């Protein structure tokens, strides 16, 4: 067990490396449950060994029935009841107030539509990245766009499904800043394995500055973007490009990764993704721009990366 | 019976039994066999083959996942692999394997010559084979289902996002579900009606108890899924929006229907293994099992609870807190009866003189593995922990510990234990033990690391994972473990393959005490020489000269004077002899019926609706031929002696007959499927404030009430017909049946007239769609009702049914009871329910 823990250890996408109150309490619960499970498993093994090695007639029928009653019935009932009662409080979500930040997240094949709804300001649309302020309660409103997805940031909290026709609420509070990762955990089609997102937990003041910057329009438009009709699907606020089918690209260059947490944000990756998105993500909704000269793709990639 | 001392007489009896039970031979004719010995073996081998196939699919997956960012198989192939692996292991291995083994063992356990409906077993087998090859073979055409074994809509119902595979899953597996239910009916009636005289319920071998419990679970668990399948295909093929949120449908309805099936399913595949333990542990502890009544109660309790915890598969769907608490509690509670059963085994081993053996090694090893799976099960039953673990590799680890410890290894243990019973030869203890330890090591190496990879953020059903996650080492360990496990399975296969070269062994090699071990190494097809009187749970140990008395034909029914296949039917509770029933003989008809019914499902998959309709008519023809020529045959004499001065009738009808029970049980399953649809209606009504939509027009009140009234009148006519017929007024009964046919037809048309005349458009919104489905379901049943009534009328006119021999009329009355109930519920729901018709 110990060696295994050392072998597999990541700090950015693990339920065992929490950075939020819910994930922390669940991690503690996990450790208690694991210790209990190991103790019971070892005790059972020893008992079975003993039962097999004991010669016949050492245990009378009456004693045997007592064993069944106590070890099989009474003790498990007490243990399970205690476990249930102690875990009930953890089923209650964190309390929220009107003053809390709300973030809408909608799952699409195979990316995330994100909208920040601060209590006293306009909504800010983004994609494939969720930023949360440390120490503040945040209500995530989760929806399914096309099919069922599930929203999971292992280090922050448990998962919650995104179901078409419903809105589920997941309330979280980050406890330490850092860069983390979330993934889709409900099988949602060909590229289910390639549907992740970046999570950034920021100090509250830094978060407020970032959100204010994120709300601003982009620096300027681009002729190639218009020429290839990218605005049919993608929006870049302030340029007149307002497509709503694909991810919003207003501050694309400020994101750490490309294609919903799949590729590092480099010019080469962006350029090749534009021309052949299906090579990175099978089943992606974005059409291939096969005919686009590589030079144009690189120029477009540079422009997009400049949208900070 | 003193004449059993006459050796010549005994030899003549044996000659007659042998001739009567002689299996058909020849290249083609052998496949017409219906006897449980051969059909059970075919069934077992086929299920075993599907298990190996699904196992190979898993190996391909593990190879793909051995290292991060691997590209051995494409995402498309991988999705087909995991969907098919899960679906085949569940529907084509675990459940059918239990039924197959039970078909072999049950008659032996009960000292019966065969199961009550041998042709139904054969039909079940051929359906299973056909459906299994159809579903499993699809992967060779890159057309296998790829939506996961749970097939959640809308991913799987949207035809732009999913292809033929989804239809293959729905229709192919629905077909197999039908055959599973057929086998369940057979096994329930077998346990309840075909026990040997004296074997009261509390003397039944525990395996029979478990068969009863599990078969009843199948009866109530599979039909909701069949109802779900129906809605699912209506959406895929016709665009009726049951799961489409944009048109008032709800994807969660599928999840409820699926898991109402899916969770009991876990216990359906687990309890039979406990049943095998319950047979082999007393043998190797050389004493009675401790706490028999507790085990029975625990098994029943597990079954009962298992229907109340399906929602724990849906903890992450955003449920109300009260549901979370309730279903967490129920999921924890199911561990308690399981604990009782496991500790009863431990106490028995403790109290007994344990003889160490290969089957016992498998039993003990499986309990150890299962315990780990059970403990992680308790963990995931706690909702907050489940929110982290759900849909990650932690759950993959959990379920494989449960299924390997709770299904696969016990089955291998059972194989080593029962192989001598079936073939007369022991398997190699040495190979068996080595294979066990290889599999034990492999299973732990494969699945233990998955607990950690899951908590380290690895979701299920991913065809690849990034190297940064740091779980490459854990995955490599899992892959090595999977291959190690496969090596162990291969060793078992080699052991089995060597069996034909080995000599026959001795009778009852483990010195067991239960009835099935009467089988001789050079077994006869007749099942048992004479049907014994049972006075103990372990008759071979406890009853004096038991084996000799059976062998010398000193018990009941030692002969087949009329050259007919026969077995004894007894009462449900205390097993008093009621009847000698004549059993079905080898025939092509079960196979033909299976092929015809299969064609209906398979042709529908390819949208060949007219051909599929033709297939339905052929199926109907096959079923009617089967019934007309093979059931409720008037015997040449009213009764016969079974020895010891006991004379019983050869023909009984009504609630004491096995046929009546089969009809009743089948209709329970049918009513359960119907309640799945009704659940759908009320689910929409409860969950969606806009159901029915304010501007919707319902089917009105008039036509539904006409339909209800005429159906009830038809039911009354049938019941009265049964009564006057029993009093000998045959003509009056025939007239009433004619009236009944007219009324049922009127009800059928009136039921459809409601939604038809009000112009309900089922593809517009979920409300008209569910109204139409309920109306069509009921109308289709009315159609079957017309056929039942017409068939009975024809039997009467043809002289195949008389007031003394009236099983047909009594059995169709059972159908008419359920039809009336269906009609009342349907028409009250669509016609009278608040807001239904405006």
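Heads up, the Cβ atoms here are built off N, Cα and C, so glycines get one too.
Automatic prediction, not curation, is the source of TrEMBL annotations.
The annotation domain 'Cytochrome oxidase subunit I profile' is assigned in TrEMBL to B:15-535.
If you look at the transmembrane segment (B:40-61), the same-chain residues 6 or more away from its ends with a CB under 8 A from one of its CBs are 72-73, 78, 81-82, 84-85, 88-89, 92-93, 96-97, 99-101, 103-105, 121, 124-125, 128-129, 132, 136, 139, 408, 422, 482-483, 486, 489, 493. Residues or ranges marked as transmembrane segment in TrEMBL: B:40-61 (among others).
The transmembrane segment annotation in TrEMBL covers B:81-110 (among others).
Per TrEMBL, the feature transmembrane segment maps to B:122-144 (among others).
What TrEMBL lists as transmembrane segment is B:168-192 (among others).
What TrEMBL lists as transmembrane segment is B:204-226 (among others). Note on the transmembrane segment (B:204-226): residues 95, 98, 102, 105-106, 109-110, 174, 177-178, 180-181, 183-185, 187-188, 190-192, 195, 257-258, 260-262, 264-265, 267-268, 271-272, 274-276, 278-279, 289, 292, 295-296, 299-300, 302-303, 306-307, 514-516, 537, 665, 668-670, 672-673, 675-676, 679 of its chain, located 6 or more positions outside it, place their CB under 8 angstroms from a CB of the stretch.
Same-chain neighbours of the transmembrane segment (B:397-419): 51, 89, 94, 97, 101, 105, 266, 269-270, 272-274, 276-277, 279-280, 283, 358-363, 365-374, 376-377, 379-380, 389, 425-427, 432, 435-436, 439-440, 443, 446-451, 454, 492, 496, 499, 510, counting only residues six or more beyond its ends whose CB sits under 8 Å from a CB of the stretch. Annotation source TrEMBL lists transmembrane segment at B:397-419 (among others).
Same-chain residues lying 6 or more positions outside the transmembrane segment (B:431-452) and placing a CB less than 8 Å from one of its CB atoms are 62, 358, 361-362, 365, 369, 376, 393-394, 396-398, 400-401, 404, 409, 412, 416, 471, 474-475, 477-489, 491-492, 494-495. Residues or ranges marked as transmembrane segment by TrEMBL: B:431-452 (among others).
The transmembrane segment annotation in TrEMBL covers B:472-498 (among others).
Sequence annotations record features per position, and here TrEMBL assigns transmembrane segment to B:583-603 (among others).
Same-chain residues lying 6+ beyond the ends of the transmembrane segment (B:609-628) with a Cβ under 8 Å from its Cβ atoms: 119, 587, 589-590, 592-593, 596-597, 599-600, 603, 787, 791, 795, 800. Summarising the annotation, TrEMBL assigns transmembrane segment to B:609-628 (among others).
Among the features that TrEMBL reports, transmembrane segment is placed at B:702-724 (among others).
Residues or ranges marked as transmembrane segment in TrEMBL: B:814-833 (among others). Listed as Cβ neighbours of the transmembrane segment (B:814-833) (distance under 8 Å, sequence separation of 6 or more from its ends, same chain) are residues 660, 663-664, 667, 670-671, 674, 678, 681, 685, 698-701, 703-705, 707-708, 711-712, 714-715, 718-719, 740, 744, 747, 751, 754-755, 771, 774-775, 777-778, 781-782, 784-785, 788-789.
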What stretch of B:81-110, B:168-192, B:583-603 shows the most Cβ pairs under 8 Å to the transmembrane segment (B:122-144)?
B:168-192
